[in-house]
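Undergrad: So Swiss-Prot has the following annotated:
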type	residues	note
REGION	1-64	region 'Disordered'
COMPBIAS	21-36	compositional bias 'Low complexity'
COMPBIAS	38-47	compositional bias 'Basic and acidic residues'
REGION	86-189	region 'Disordered'
COMPBIAS	146-156	compositional bias 'Low complexity'
COMPBIAS	158-172	compositional bias 'Polar residues'
REGION	204-229	region 'Disordered'
COMPBIAS	209-229	compositional bias 'Polar residues'
DOMAIN	237-284	domain 'GRAM 1'
DOMAIN	285-384	domain 'PH'
REGION	457-526	region 'Disordered'
COMPBIAS	458-473	compositional bias 'Polar residues'
COMPBIAS	483-494	compositional bias 'Polar residues'
COMPBIAS	560-572	compositional bias 'Polar residues'
REGION	560-629	region 'Disordered'
COMPBIAS	578-588	compositional bias 'Basic and acidic residues'
COMPBIAS	604-629	compositional bias 'Polar residues'
DOMAIN	714-817	domain 'GRAM 2'
BINDING	Ser901, Arg902, Asp904, Ala1204, His1206, His1219, Gly1223, Thr1224, Asp1243, Gln1244	UDP-alpha-D-glucose binding site
COMPBIAS	1322-1336	compositional bias 'Polar residues'
REGION	1322-1350	region 'Disordered'
COMPBIAS	1338-1350	compositional bias 'Acidic residues'
Amino acid sequence: MPNMKPLLEDAKRRVDRRLSASRQSISSSRIFSSAFPDRLKDDHDAQVDYTAPPRGAGSRDGQLPYMHQSIFSMIAAVGSKSDFHARFDESSDSEGEAEGQTQKQPGKASLSNKKKFPLSPTLKPQSTLEGRGRRHRRSISDNKLLRSLKPSPKSSKGTETTVQTEPPTSDEMSPLASPRRARSATPRAAPILSRMLEAEALLDKKQSADQPSSSTKGETDGTSEQSCASPLSLRLKEMFGFEMPEKVLMEYACSLLQNILLQGYMYVTEGHICFYAYLPRKSAVTIRSGYLHKRGRKNPKYNRYWFSLKGDVLSYYTDPSSLYFPSGHVDLRYGISASLTEQKDKDKEVRDFQVTTDQRTYYFRADSSASAKEWVKALQKVIFRAHNEGDSVKISFPIESIIDIEESPITDLAETFKIRVVESDESYAIDEYYFSFFESGRDAYNFVKGLISEGPMKTSQLLPPPSEQTSPATRARGPRNRWSLNSDLSQSRGNGIFKTQRKRSASTGQTNSGPDGIGMSPRQRDLSDSFVNSFEQATDASAVLQSMIDTTESASQILNRSDVFQSPTIHTLRQRHPSGDRTGRRLSDGTARSTHPNAADANRNGQEMQYASSDSDQGTQHPSKVNSSAPTLNELVKAGAYPLQRAAGFAEYLRSRSRQMSNLLASESMGYIEKVSGMWAGGRRHYGETEGVLPDDQDVDPEDKEDGVKHGDRFRAHFALPSTERLQATYYAYLHRVLPLYGKIYISQKKLCFRSLIPGTRTKLILPLKDIENVEKEKGFRFGYQGLVIIIRGHEELFFEFNTADARDDCAVTVHQSLESMRFLVESGLLAEQEKDEIESAQAEHRMLQEARLDGAGEHDSHASVNESSELHPIFDDPRASIINFKPSESLRITCLTIGSRGDVQPYIALCKGLLAEGHKPKIATHAEFEPWVRQHGIDFAPVDGDPAELMRICVENGMFTYSFLKEASTKFRGWIDDLLSSAWASCQDSDLLIESPSAMAGIHIAEALRIPYFRAFTMPWSRTRAYPHAFAVPENKMGGAYNYITYVMFDTVFWKAIAGQVNRWRKKQLGLKATTLDKMQPNKVPFLYNYSPSVVAPPLDYPDWIRITGYWFLSEGGNWTPPTDLLDFIHRARSDGKKIVYIGFGSIVVSDPSALTRTVVESVLKADVRCILSKGWSDRLGDPASAKVEIPLPPEIFQIQAAPHDWLFSQIDAAAHHGGAGTTGASLRAGVPTIVKPFFGDQFFFGTRVEDLGVGICMKKLNVSVFSRALWEATHSERMIVKARELGAQIRSENGVDTAIQAIYRDLEYAKTLARQRSIVSSTPFSPTPSAKTTAEQEEDDVDDSEEWTFVGDDTEIDVSRRLRDRAVSDADMLPEPVTSAS
């Protein structure tokens, strides 16, 4: 990683920002680096709103609520008191997945973070900067190539399979080793086999020291040989570590056959058979997701969860919409195998499968046999990639080691043969390699068989001399299947490559873990033995692991676990002494014993120096590092600050004064009290690049002097994160869901995490920073607490509470800084610089090999005809079905029904133009005044009654679809609604598909009567979700998911109650349908198309599949518009003067004093020193008659226009200020300019909030000179806002909303047809236009209980359970089955 500025300066800068952080009224999302000019400070009119409506009309703010307010004002005032979907991620005790429930069996080597593993001084220090976790480090370059591990002095050269490691560097030879090595730091280095790593490193060091002359001679000989070797021979020598170039005899394109099919090349040289496959790294995307049943650790009951396989982690959730709150995870970096469970009944389909890791076996059950097989295949691929996390796979074995070759006919598509290779001099293990050839398989078989017959392997070469005793440190092997990955060899051998744990690549050396093959005896062992069995016996390594028990439990460890108090607080580390009688002992059960005296001494010294790694978050001082200075007054005050700390402080005083007392007191037990009190006291911490606590944060918790590296390791272990994830800051806070939950916030480079610390809770939060839109500071829910709101893409807000405003502000600033540092970094597309270097080096190696192959094509026959693939193909997988073309074979007559203003009709024109291009026959049914506009685009038209001007008057006076709006419409304008329904029915005849704006109210009933598929489309959120409030019920402050969801329920209920009487009469009279209810209609099951950008309103996680956010349906008309000359001159003059240009236009709004609003706009423009293009549309039609109506003259800085296409105009300006309508907002955001929104009614408040949450603009609550001028200046000068708006504009312009909507229509058409048939069967009568075939008696029976006739099977969270129980009691139990719901 690139170096940051000095940590001290960074910390001071952070403190300064912390002190200056806001308790201001504006959102902290707009932290602006530059101060506002003095002229933009608040003036006397700072609290005045010149857009206030006429007196008596009501206003959003206090006495004058805006017109759109309704019953939701009461909801907003009361707030959210309940959470409909409480998602405490608790599970039964039998699940046992919490960190604190790791079993401690005496004979079992647990790999929890409470164990420490000693490292030899000869090993490279495994610091967190170098322990890469998921991706091991590679060094493939011209000056640091792969080298083979030298054999023991007495072994036969050339009779062993190549083992590749990196030569130890100067750092690796350092006598200092890292005192900490948590599992998460180097997950690929199997902790249980770390001793083997030491043995091989010690051997390599010793041999390098003993044989310098021979090494030099070999290099000289190799140089002379290279002069006459081919480029391919030289390249293979470098890649596979041969001692000298070997002539390439033959080359074939083939595939290595195991549980996966890996395509690559086989190279047959004079002395070796090599296999190479290029395996590019895949991006972190979700590989597979879906529902599975999981069995608990102790409870045999299966519970249903939503599973997601992403990267190396299999996570599961109680609710698929809560993807940031996992119930648990399986870290596949430690996976051993994934396989179907064997059934006693062979005829029965297997739905169960299991995943074995180094700690336990997980049992799962899929819904079908096919699903189980697909999951197993996906898991096998991930385990393979996790264990071979490189960019290439290499295998090399000497021809002399080949025992035999035989054909293995597996499939008719390819010829397959098996090569059996003896392992080495030290063991009689036999490796088996399967190679499949799609071409030239017979030639390859005959050629290799000829080589074997010419030089059969001598038996004497396999047997060591009788007097020779091979050191166990010389070789550590598994049963078979060696995998060499770039610079670090990764081995995976056993009964299939997934049946045993393989070697995992660390930053140096290698580890190997064969369960039954380390030092294989001649007697073949049962290959079905599981790797887990090797943990059952108390081997030396397991004894060391068991002895390294952590005694530095932290506060979070204490509160999170109760078994901490059940173990001794003081443990003696058992010392291992070298023993001569162990020198020749064979290694078994997957444990390597180091017998080298130096290694034993190093291990012993390392043990004396080390702590044990714990699963905690805060540590204590080492007993040997007691502060001996006299206690200061501050220390005494701190000791008495908290009740629990008084005893701890007194004990520390005695411990530092008396050696005898120090021996008598259980120091660690007192540490428990200190840490619990410290944890409840809260606080915060910042960490540097090495994850050490920054100096300015040491005072937060003085008794914690631990090395900060441990914090990062525990953080990564808690959340199964890679070692590249660096911890930056931690905070103690409350997470508010249903109840406040105390825990710890972790902020790293790419994640914001939370872990509960309350006993009995297991809530975890893993939130990628790229999904955070904004952070806002609010007052806490409880008195004396400070609130912080995290706004997430497509998810409800998260609320945190802090004890102090200082900690809250610091957390907000830290999150903002993290967001800025990676705002435009896409996780799946951009990698770290180190990862880029590794990928480039692997690609360079692959490219050079290809070039060498081409250069040497004349020296040998090349049969490489199979295209290379980076995919890991499953064996015998069903061929992937081709993409189904959902487009109907015949042209459809499609009617689009909408009412409202021009902005409501324009998106449908764009959609219909796309449908015309697809060969369909679209028609728009709307108000008659839009007919010329619609027909000029070649679209058919049908009139719908209702004056849009009258409709706008109702909206302006009462608010859009508020209770007063519906009340007036149903009383004074009852005839208007009747005419609307009747005219809509007539306009929709002769249609095959109906697409309607739900504001038209009639479409769902018309489609039911005509039995045609029905879609909805709208410009604002209308479907129930917890992520956003209803567009007509946006609160002043964030209210949370419960409030958001209830706004939709309340709106649907109120909206339907207001029109239900008229609609049902219309249904019976004209449509011939029975009366209906909201439950029978089930509008939330209707396919929905939202015509706004997913970049602006991200799809909520709880949206079902039939709701799609397609992107804006723009109608570009600017190409045919010629701008006036004076407008072009105005723009040119502004650019020449170096002035910013803004557009101001609030549409046809109604204000009490239009002159005052005009004067405010003029003064704000002059005060902000910008140029303005003004579209003045406000009027005083409903204004105060006493208000002045004198026209305000416009200065030269303002140019007034009547109309201009948004797509042309917004491309000429630097910022736009408007009312926040859906279409206007989309146009300004597409242009990539900062947007200022002053909402008035309807959905304008929603889009104004979205603009501010995205950081691309400002939403003004009031409009006056002070506020507006400052907003204009910030929108034109804030580089942060300008860049964000530019990036968002690029995203929107890259979308094709119309095309996406058409494809969504095709895909959901069959689903919509199914809904239409179900509805018509339930509600049709003999008088229906399309009557059903039911008899009169059947119709009468349906009249009683038709509400459950077609209840959906699945997660029906929208329908209340009590209602279903009530309806079920009324229904005839003998006729109707009970409604089925999901188990989840």
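Cβ atoms are placed via backbone N, Cα and C, with glycine included.
On this model, are these features tucked inside or out on the surface, and what's nearby?
TA: In terms of DSSP helix, strand and coil, the domain 'GRAM 1' (237-284) has 4 helix, 27 strand, 17 coil.
For the domain 'PH' (285-384), the DSSP counts in helix, strand and coil order read 19 helix, 45 strand, 36 coil.
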Undergrad: Quick one: give me the count of other CB atoms within 10 A of the CB of Gly1223 (UDP-alpha-D-glucose binding site).
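TA: Taking all protein chains shown, Gly1223 (UDP-alpha-D-glucose binding site) has 21 Cβ neighbours within 10 Å.
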Undergrad: In the domain 'GRAM 2' (714-817), how many residues does DSSP assign to helix, to strand and to coil?
TA: 22 helix, 53 strand, 29 coil
Undergrad: The domain 'GRAM 2' (714-817): mean pLDDT?
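TA: A mean pLDDT of 88 is what the model gives the domain 'GRAM 2' (714-817).
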Undergrad: Tell me, by DSSP, whether Asp1243 (UDP-alpha-D-glucose binding site) is helix, strand or coil?
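TA: Assignment for Asp1243 (UDP-alpha-D-glucose binding site) reads coil.
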Undergrad: Output, ordered by sequence, the same-chain residues six or more apart from Asp904 (UDP-alpha-D-glucose binding site) with a CB under 8 Å from its CB, or 'none'.
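TA: For Asp904 (UDP-alpha-D-glucose binding site), the qualifying residues are Thr898, Thr926, Ser997, Ser999, Thr1019.
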Undergrad: Would you measure the largest Cα separation among Ser901, Arg902, Asp904, Ala1204, His1206, His1219, Gly1223, Thr1224, Asp1243, Gln1244 for the UDP-alpha-D-glucose site and round it to whole Å?
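TA: For the residues that bind UDP-alpha-D-glucose, the greatest Cα distance is 23 Å.
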Undergrad: Have a look at the binding-site residues (Ser901, His1206, Asp1243) and report the one with the fewest Cβ neighbours inside 10 Å.
TA: Ser901
